[in-house]
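Notes follow the structure.
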Amino acid sequence: MVQVELDVQDCFLESSPEAAQASGYIDSQVSSATWEDWFHRWLEILDSSLPPAPSYEIGLRLTDDTEIQAINAQYRQQNKPTDVLAFAALEADLPQNPEMVAEPLYLGDIVVSINTAQRQAGQQEHSLSTELAWLTAHGLLHLLGWDHPDEESLIAMLQQQVVLLDAVGIKININY
């Protein structure tokens, strides 16, 4: 059984409770327990692509367009908001150190803009929680080394996201 320690930081709610209430985010907010359940199920599905470890650690930061734009500018030289950023801790195959195998393996951080997710949910005509799950699953795949430099790999990644969402009871229609 795959174990995951998830650190959820809801900076969107913390920084602007009024905006969160006005936008309807509070009604669509995903609980920490739900996030943990989703990540646990997703990592069970993706187990064959996980490096060996007794457990895994992931950071999830929910934020706004202003913060994600600053992060995007700093790390990707793209001075604009985006929907999701993933910062993988394991960019290369690491040699197996017996001492490291005894500790949780840090996979990286996922940052999601609630503002952008809300816009995209409206465009896709599904709920904000569905869009958050979609974006977070996308970020998780990036943490595990998935990428989409071409159409074929993008389609494979999107198909895997559909599988991940289906595993947590979320049905989504995506046009490839």
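Yeah, the Cβs are placed from backbone N, Cα and C, and that goes for glycine too.
H148 is the only one of H126, H148 that Swiss-Prot places in the Zn(2+) site (with H138, H142). One residue stands out among the binding-site residues H142, H148 for having the most other Cβ atoms within 10 Å of its Cβ: H142. Same-chain residues that are not part of H138, H142, H148 yet have a Cβ within 8 Å of the Cβ center of the Zn(2+) site turn out to be V84, A86, G139, L141, W146, D147, M157. For H138 (Zn(2+) binding site), the same-chain residues lying six or more positions away in sequence with a CB closer than 8 A to its CB are V84, A86, M157, Q161.
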